[in-house]
Amino acid sequence: MSEGFQDEPVKLSSSANNGVENNSISEDGAREIPIDYIDFGIMNVINGRGDGAMNADDLALIDSAVATDDPDVTHLYTICKEALDQHNQEKSTEIWGDIREWFAAHPMPEEQTAAVTYRGDHETTVLQIVCKFENPPTDIVRKLIDCSPETVTWDNSSGQLPLHHACAYGASYDVISLLERSYPASTVAKDNRGRTPLHFAFTATVKNNGDGDDGNVDRNDFCDTVRLLSDSGAAFVGDENGMLPMHYACAYGTSAAALQILFDTHPNSIFANEDKGRTPLHFAMVNAHRPMSPSVVAFLLSVKDTDIINIPDNSGDLPLSLFAKAVSFDPYAAEKNENAFKCLELYINAKPHPTAEFYEALFAITSHNKKLSHEIRKRCFRTYLATKPLVGKEFFDAIKRLPTWLQIEAFISPSSSMMEYLNSKTSEPIPTMMLMLDFTFLVLLVVFFQLSANETIDCLFDNKGVGDSFPAYLGVLLTISIYLCVKEIMQIIRYFKAGSLRTLWFSDVKNILDVCLVVVTFLWCSVMFQCIQEDQSFDSSGKEWYKAAMAFTVLLYTLTFLLFLKSVLIDFAVFVSGMTNVIRNLLTFLVSLMIVLLAFAGAFALVFQGTRTCNGTEDNSLYTTEKNGMDSKFCTFRESLVTAYFMLLGQIGPEETDDSIIGKWIYAIFMFIVVILLTNVLIAIVTESYNHIKASKAQQVFWYNRFAFICEVDAIAEVLPKHKCFERFMDWSHRTWRIWNDFRNEEIEYVTDSTLSIDSFLSGILFLVTYFLVFLWLIAGLVSLGLLWPPQVRQFIFGYNFEEMTTARVMKHAENNMNEGIMKQINDLKKETKMQRIGLKKDVDDIKQQINGLKEETRMQVNRLAEDVNVIKAQMNSFNADMEEIKELLRALSKE
């Protein structure tokens, strides 16, 4: 039987109906928190994808026939069971019509009661089967209860009542309240595994939607259902694993309103532990990929006066630990990844205690996809750094185990806490001693190797004797070699014990360089030792090779010294990193320059090929010889390439091409392209690359180098024995220096304010004595390589004022933002002016068009008026003619 949580990841396996239980794990490899429930006698282990398997104890005989002598009695049960077995939504919808038709066809109460009370597989009734359908009609449930009210109290072979099934399959509030009124005790009734209907209510989304969709939990009546069941006391009831309904709600995901109801009913449930000590937050984080999980996590973390985020389970796992073990980000599941990361952000922003377990879990979050894994780990780390955590030993030890590409994230914009911690670590006795020892020995190494190198060459190849001080030189070099060797061995031992020799020590290029430095120094010591032997004999033909080897050794020592200064002084850190960045960015330029040099070298060789000077002459005059010597610089391609290189440096002038007009033209083109164009491009590339490091990465480079130095020193310090006497001396020196500082400030004020007197004179003498003692203390500290210095002195010498650096960075950032804001305003003003100008022009054009239209309209109206006037005139003339005719007619009539 599957328990409430799978402790270890297992592979997804399927099982036939043979009684083999399927482990609860999602297809993407992420472990889930399964909550088992009985589905028609089939034990389904529900996870995020709805996978389940049959259990031997509850195996359903799906195809078995129902033994009965009365087919009418079993028909109602059969049609319901067949529709449920088919898992078809259309068929599930048709079943309600079939049930109503059956009741219509069997009106006799005796027949209805016999059909409703019939028990089939696993002691299930028709009412239980109907409650397994999604959202069954209330009238049918009421009809079944009316036919036989006692069936509400009947459970199946798994101890589940109809209310259990109705809650598990997302029935409406009307149906659930109907079942509750019919049998009030069912709200706290337990099945065989101790689960109440309230437990099953939160599994409805998974059962109906498969992936935990929030459609059901956002229904208006879902909260009413939760309130109805919670008020009966079910919120206090745990299952066989001690899991309360709050655990189920957080595991499967639900709305904040539903969680609030559970919390109001049982406030202690939010940090209650199940049998394995896991709180609801454990279950929410391990199922963080679900759509409702971010709202669940947000609710849990919003409850005040609780420390749920820091409560481990019985195995010591924090909620984040289970998140790291269970959630595996899938590149093909962007929505699930985003849900999980929202939960992670909420968890980190709640600022859990910075314990070693927390950091171990945080940095263990990954993905099976390598590219996505890098992005996820960077995003997680940046999210945590955005909270400005307090940097302590746990955090420092955690980032020391990270790969370099992830460590750098902590120093892109180092917090004041990070800088303060690094300053304090640098000011500890062992790091101070290592700094001073490294500085001293590296300087001595460069100086004494240079002094002994010349005598060694003369001794080995010219059989000359060495000076009296040569053994001392050799002794110093041998001492330095032993120191460097012991230092690297101690680092190797520490990393080997920690199991990170391959991942951390070998991945650091500086460690390889240090090993090369030790090996080379030992080799030269063995060679130089031959000079103090009586019999030494070396072949003189190898003298040049020895000289070259010694020259490269000096360069190696100098490079090591620069890398040391890079971890100590911010200016050197910027310089070395700037040069590295310049060289990296010059690759394309150097290839282009080489192509240009090869092209012009070939051009010059072709131009001068076949000339008199290159073909030779019988004239042996001095002039010809000199001309031959000069012009032969372009006679072959190799000589032409060397000459073109020196022309780039300005050592070859135009007089070298006096004998060829074409050569002068090619020389002029060469100078234009190489000297004018490429040189300015080179200057631009170098300036931009260096300024990029100086402006944006100066602090990142310096503090990361200081971090690398502290890691190196810590590896050595962990191997060294620790004495309590020395620790007590450090505490005493810290207190004494602080007391002396207070005394010095008081004495300065007293001497300044007081008049001449015996007391002031004695105070001055005491003041000078203390200064003398402090001076001796500082000298003793210098001789002891800083071990006897108080922490304040080491802090003053090797620490950096991060407050000033942060202030300068903030001011510069503010200045850049202000400049960007001004430029943005100017650009916006330009755009606005341009738009206004375009708008005004458009308005003027529109006005012109309107005027032209008015003109045309007026002209047309004038023409129409003229036409109307002409028509009126014609009518008036016609009217006058008619009047004349009428007058004539009247005259004629009057005469008659």
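For all residues, glycine too, the Cβ spot is worked out from N, Cα and C.
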The annotated coiled coil range in TrEMBL, which must be one of 117-176, 837-896: 837-896
Same-chain residue ranges lying at least 6 outside the transmembrane segment (586-608) that approach it to Cβ under 8 Å: 614, 631, 634-637, 639-641, 643-645, 648, 660, 662-663, 666, 670, 673-674, 678, 681-682, 685-686, 689
Reported mean pLDDT - the coiled coil (837-896): 85
Chain residues in Cβ proximity to the transmembrane segment (549-574) (below 8 Å; excluding those fewer than six residues from its ends, i.e. six or more beyond): 435, 438-439, 442-443, 445-446, 449-450, 453, 456-457, 510, 513-514, 516-517, 520, 524, 693-694, 698-699, 701-702, 705-706, 708-709, 798, 800
